Structure formats: C-alpha cells, structure tokens
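Here's the structure we're looking at; comments come further down.
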Amino acid sequence: MAHLLTPGPAASAQHMIRMRLALMRNSLRGDNAANLYIGVSTGLILAFGTIAVAVLWPAYLPLTLAAWLSGWVFGPIFIGGSEALRPEYFSMLPAKPGRIAVALLAGAFAGPAPAVNLIALLSLPVYGWRFGPAGVLIGLAAAVTTLITMVMISRVIVALIGLFVRSRATAAAVGIGAGTAIALCSNGWAPVAALGGTDTTAWSQVVLRVLPSGWGVAAVEAPWPLALAILVAGTGMIVLLLAVWAGLLSRRVVSAARGGVPPRRGTPRPFPITSGARIAAAKELRAWWRDLVRIQLLATAFSFALVFPLLLVTIDVWIMVPFTGLVAIVMAAASSANLYGSDGTALWLTLMTPGAERADVRGRQLAWLLIVGPAAVVLSLAGTLVSGEAWAWPWVLGLLPALLGGGAGVIVLLAVTSLVPGTDPHKRGGNPLSTGADETAETSLAWLVLVAVPATALPAAGAILLHPWAGIATGVLTGALSAWGLGKIAYRRLENHGIDLLNLMKHGPAPQADKPTTADLPIQHRIGVTISYAIAWLPLFPQGLAPMVMKILGIEDRVWFLALHLPPIWQWPTIIFMIALGLLMYGYAILIPIRLSSSSSVTTS
Amino acid sequence: MSTHREPALRTTGLRKAFGDHLAVDDIHLTVPAGSFYGLVGPNGAGKTTTLAMAVGLLRPDAGRAEIFGVDVWRDTVQAKGLIGVLPDGNAMPERLTGREVLTYLGLLRGLPPTVVAERTDELLQVLELDSAERTLVIEYSTGMRKKIGLAVALLHAPRLLVLDEPFEAVDPVSAATIKTILRRFAGNGGSVIISSHVMALVEQLCDHVGVISDGRVVAAGSLADVRGAGTLEDAFVDLVGARTGGTEGLAWLTS
C-alpha cells in the first residue's frame, strides 16, 4: 500500500511562475538570448517613448496605447502565440480549471513582455499628474488593470485560435484579419486623415477610449466617481476574461489537436497519371488546399494586397489600385518562403528517390504559379481598369510576368538556401497556425523575399522607362529566366546539400565549435542586422521609390513623403539618399551574416 | 561492380559526432546478401545514426557504406535504387492520404502507372490501410504511420530493406502480418536489416545479429554465434555490461 499523503494545493501560482522562469533561463542560449535582448531593448525604447507621448503629446496617448493593445491582439496571430507554459502540461493535475487558469495567468506574467508593457502603462499616472494627485492614483490603478486585461485578451485569442481554427473558413478569416491589420499599420493614416485627424471631439477619439486600452485615459480624465466606476468595470472585465479563458482551456485540453487539417467530405480526387514535376505539383497543390497554415498565409497576402490600395482610395488616391495584383504576388511569395521548412523531415523521401530533387523543385514552382498566378492576373487587370489610371498599363503588364517568374524562382531558391527549421507537422502542438519555427528567422526570411522579388523585376522597370512596350517583352523574358534559372540553382543545391537540410530539420543546426554561424554574430552586428531588417523598407520604399515614381509621373500629392515637402532643389538628392540608405541597410543585413559564415567555412573545409 | 556475392551492406569505419557527443565511433558491419539481420543495442547506442549513414540520409564524419558493392556516397543514385528504407520518426508527405502517398512516390520513381495502381491496392489491403481511404497521413496513429512507411519502403521492390524499429507501436495482429511479409521477402532472396531493442523478436526473425553499444560494435555474426548457449537477452546484458536496476530505492512505493 502506498502512503496516503495530504497533498498541498495543486497548480499554485508561485510554482507556475518559477517554472516559467526556469524555462526562460534554459532557453536563453545563443540565438534566443540575443533575440531576447534585442526584443527587450526595442520594447523599452517603445515603452519610454509612450511615457514621452504622455508628457509631450497627450492627445496621442489613447492612440499609442491602442497600438500596444494591437500588439497583444495580433502578436499571437503573426508569431504563432508560442506558449511557454502549455495548458496540456497540467491537464492531469487534480485542480479545477479556474484554479489552473489563475496559475497559468500568473506564469504568463513572469516574462519580459508584461514587464515592458507595465513601463509603457506608467504613462497613465504620468498623464494623471496633469489632473492632480488623485489623477496619479487613478492612473496607477488603471495601469495595473489595463496590463492584466491586455495579457488576458492575448491569452484568450491564443485559446480561441487553438480551439476554433479548424476549417479553411476560420483559417482564412484569421488571415484576412492579419492582412488587414498590416495594411492598416502602413496606410491606416489615410482613412484617419479622411475622417478628421486628431480633433479630440472626433469619433475616432471616442473609439480609442472605448477600446480596453483607452479605459485608463478615460478614467484619469473623468470626475472621480465615474473614474472609480471605470476601474470597477475594468476589474469586472478581467474576471469575465478569466472565466472565458478557464472555460476555453478546459475544452482545449480534452479536444484532440488535429494538426491544422481542415475537415473533408468524400473520397479525394484520384491523382493524375503523370510523372516528374507535374506529379510533384499535384502533391503540392493538395498540400496548399489541405494545410490551414498555408491557407491562412495566402489569405493574409491577398487581403493585404486588396486593403492596402483601398485605404488610399479613402483620400481619393487611386495610384496604388492598378498594382493590387503585383502587391499580392510579392506578399504571396513572402509567405511561401519557407516551403521546405514547413514540410519538415518529409524531405527524406525526395532524397531517397533517385532524381526526384528536380521534379520536387519544379513541382513546387508550378503549384505556386497555379495558385498565385490566376488571382494576380485578375486583380491586376481589374485594378487597372477600375482605377482608370491608363498610364499604369505598361507598368502592370510588364511587371506582372517579371514578378510572377521572379517569385517562383526566389521562393524555391530561398527555401533551400535559408531554410528555417520548424516542428514536423505531425508533432505540432495545440495551435493549428503555428509551425514551431523560429519566428524571428522566418520573419527575416519573409523580408528577404520582399526585397529579392521586386529586385528581379528591376530590368523590366528600366525597360518600361525607356519604352513602355519594351517592358512587356523584358518582363516576360526576365520572369521566365528567373523561374528557370533560380529553380535550377535550387534543385542543384538540393541534390548536393539536401542531406544537410534534412539533418538541420531533424537535429537543428550542427553545433561545430570552429564554425561560427549567423547565431554567433557579435551582438552589435545582430542588433544592427535586426534593426536594418525592421526599418530598411522605410527609406527604400515609402520615402525613396514611392516619391521617385510620383516625381517621374508628375503627381503633386505630397502625402507623407519627406522629399516632396522639401524645396525642389533638395528633392532628388533626398530621394537618392533615401534609396541608397535603404539599399545599404538591406545589403548590410544580408551580406554581414553571409560574409562571416562563408569566411569561416572556407577555413574549415 | 555489384554482384550477388557482394554483401547487402558493408560499412567500414563509420563515425559521427554531434557536437562533443560521439554518437557512432568506427562501426564495421557486414550484412551478407540474403540474410535477415538484426541490429540491437540499448537506447542511444547509435543504431538509428548508423542506419541513417548506411542508407545515405546522414553524412558520416568518416568511413564508407556500400550496398551490394555500390558506394552510397559516391554512386548515390544507383545505391538508392537498390534499397527501401523505413527511417525512425521522419515526416511523410503529411497532407496526402495513404493511397496518394504511394501513387505519388511510385509515379515519381518512374514506375509504370498500372504497376503503381496494382501495388498500391495490394499494399494498402495487406497492411489493412485501405479502410482509412479519406484519412491524411498527418492524422494516422503511430502504428499506421509505421505501416505506410513500410509500404513506401516495399513499393519499388528493392533488394535490401533497411527498417528502423519497424515493430514499435504496431499492434500484435499487424506485427504478425509484417513478420510474414518480411519472411517471404527474405525467403525469396531479399535482404533485410531491422533495428530493435526487443530481443525475443530479433531471435524469432533474424539469422544474423549485430550488437551496438556506445557507438561501437561489441558483437556481430550469426545468431547462434552471438547468443552462444543462453538466450540473446542474456548475451546482450552481458555484452553491453549493463546491470539490471530496479531493486533499490522507491521504498515509498512498496511499503
């Protein structure tokens, strides 16, 4: 007989916090540690920036806090909401769901993100100072309730995704939400400007205070009885979210994860009787249709491409509408950049089948073109027709084939040269939209595509400037060349280095003491590379290429392009400086890791 | 070049280190053609690493592997045509059904469509996977994954089968089916290598045995030679120098 001990309370918050900290400590090696330091430094800068906003431009405080909230809302969607403490770990503990939820919540706070966010929320008592000591007190209380509310909202979203994203429709809905959010981040100023800007009586200010992130500001500004009521309501909101979360958690741990597979009806269509690249394309098309991660990423790409130009239409700028299809191609390429990584170790079958590498690469290109091509063509033709921008025809018709071919070439080349290992599909956890890959690495791969694919269309763009219709021939030619040539490099590389890719996915990067990899970049270079990836687009695209196109076309609208606000004599130098700055940052970010790792591999081989 | 008198598999001096850990250290193995070879060893002994290097899925730090005299790392394509492999724990084309996986791989290998259709039907039926016609591989149970992996290894009728833990997580009825298939394959001149840590199973199936411990071969040869007078299990415990634990501690569990 076993001794019957009286157990202490299971799932205590204190233990959960210690476990979370232990997990974090153990994961702080190499890449992860550098990423954490970069993330925390960036977060701290933004947090102190928020406090500065409260002091210097208080009218913008609700908007700034709404940005923090959107980080908690969209973070789980973009970066997979990786949970350090998975509810599944604790499903066998003898405790009620509510108790486990409270303990998990405590664990969720034992990390850098809530701490950084709390500093940002100290902007509330700082803002409260304007209203006297009571304002500071109310601001402090509101900072605490707002922080808990934001973290809870994030947790509830992760739980909702894990439970309900089980069909193509829900995966696409999440993708559309994400794509719209990215579009709003880049062009959201347009509808705001159209609707009345920073006028504090405008409805947008009301909306920002009604959002959970704005309750603190509302409480600080309100007379104290109303302020107390708002704080009580905030606490009630936390209790409600906690109850919802506990319910979702207990449902999640007893519902089998389905690995992101949509439900099906009927027997699948028989495979086409063919061989080589076409049979590989048939396999790949089925993967696109049956993988919720891929469906979500495609929905993100196309919804961004649609919403991005439409936001500018609110201020009657139609210039982007003809390029909807082209934006869709580039975005779809960016979300397909880790093709081999997302399939995991299934690569072994391609490697064990004599001569299958070529068929596999060509098949993936073909499938991608079949999925993205028709929609991109329709969007381009419809966009150009509807916008009535007749000047855009040679640009659209020339760049369309160039980008399609460039995309088909770049994605397979990067998929075999810059593979980011994830978790094998059948071993993934409760979140159907997470591939388990390192999000920072996947994001920088996507940025690389966003630069490389447009670069393949530069010859076509140059030809269009010389003669409109020469561009179409050039576009078709460079598109075909990119797809063929880059694909050829890709399958050659797969033939020679496929085994290394397989073992990268199976065992992770080989730890070789005398061979430094990107992970071992000196910290100042890692920070530099990350910052370059994060902001190089700003000088290159919106502040460089966009005003250049507008100047060439003679469009007077100055919008937010710095160069166009300067005296004419400074406009071209500024544009050229911005483009050069952007290219320089991308060049640095791409070349430094390559140079450091290749110089070391020469010495060891 | 390759003749039937060449061994089905010969490895010389295979070595592989992961960081500081030497997983496989100077492995020499000879698997005679037509034999049913069992590779045994404790957990973490280097069985999976050895087999991966032998079939061309993991590049060795040193050493060679030949299949019927064909160098795996020099004449890769020819060697791959001769073997069927079931690796441990690798993914499959997860978003295909079992039938689609076999059809796809058969056509990709360039087998004639009618042959592919015939073999797919038979394999699915014999391995009892035909009832899961709508199930994607990602939704398969562990045992079903082993069976579809075995079907993939058999599809192109190879001369050598290399199977890593083929019976792990497979139910007894399916295990009996797989044993019969493998015996028939070996009985008709095919060569089979399986890795396992179930000694009774190896004793029952194999005519040759290799024992690996700590990345080295500690015994190899015919089953009779390796096990001597006792059982394979006794010989194994002797060879790997292990002490069976479990008698000490845990007082609170038994008091």
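Note that Cβ sites are derived from N, Cα and C of the backbone, with glycine treated the same way.
No curator has checked TrEMBL annotations; they are predicted automatically.
Lifted from TrEMBL, the feature list:
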- A:34-54: transmembrane segment (TRANSMEM)
- A:60-79: transmembrane segment (TRANSMEM)
- A:100-124: transmembrane segment (TRANSMEM)
- A:136-164: transmembrane segment (TRANSMEM)
- A:171-190: transmembrane segment (TRANSMEM)
- A:224-248: transmembrane segment (TRANSMEM)
- A:318-340: transmembrane segment (TRANSMEM)
- A:366-386: transmembrane segment (TRANSMEM)
- A:392-420: transmembrane segment (TRANSMEM)
- A:445-466: transmembrane segment (TRANSMEM)
- A:472-491: transmembrane segment (TRANSMEM)
- A:531-550: transmembrane segment (TRANSMEM)
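Under 8 Å from some Cβ of the transmembrane segment (A:366-386) lie the Cβ atoms of residues 277-278, 280-281, 284-285, 288, 298, 302, 305-306, 309, 321-326, 328-329, 332-333, 336, 392-393, 396, 400, 404, 407-408, 411, 483, all in the same chain and six or more residues away from its ends.
Here the transmembrane segment (A:100-124) sits apart from the transmembrane segment (A:171-190); fewer than 3 CB pairs are under 8 Å, leaving out pairs fewer than 6 apart in sequence. Remark: the transmembrane segment (A:318-340) makes no contact with the transmembrane segment (A:472-491), by the rule of 3 or more CB pairs under 8 A. Outside the transmembrane segment (A:445-466), and at least 6 residues removed from its termini, the chain residues within Cβ reach (under 8 Å) are 329-330, 333-335, 337-338, 394-395, 398-399, 401-403, 405-407, 409-411, 414, 418, 420, 473-475, 478-479, 482, 533, 537, 552, 586, 590. Long-range neighbours of the transmembrane segment (A:136-164) within the same chain, counting only residues 6 or more positions beyond its ends whose Cβ lies under 8 Å from a Cβ of the stretch, are 65, 68-69, 72-73, 75-77, 81, 83, 104-105, 108-109, 114, 117-118, 121-122, 124-129, 170, 174, 212-213, 215-216, 219-220, 224, 227, 230-231, 234-235, 237-238, 241-242, 244-245, 248-249, 251-252, 255, 257, 430-433.
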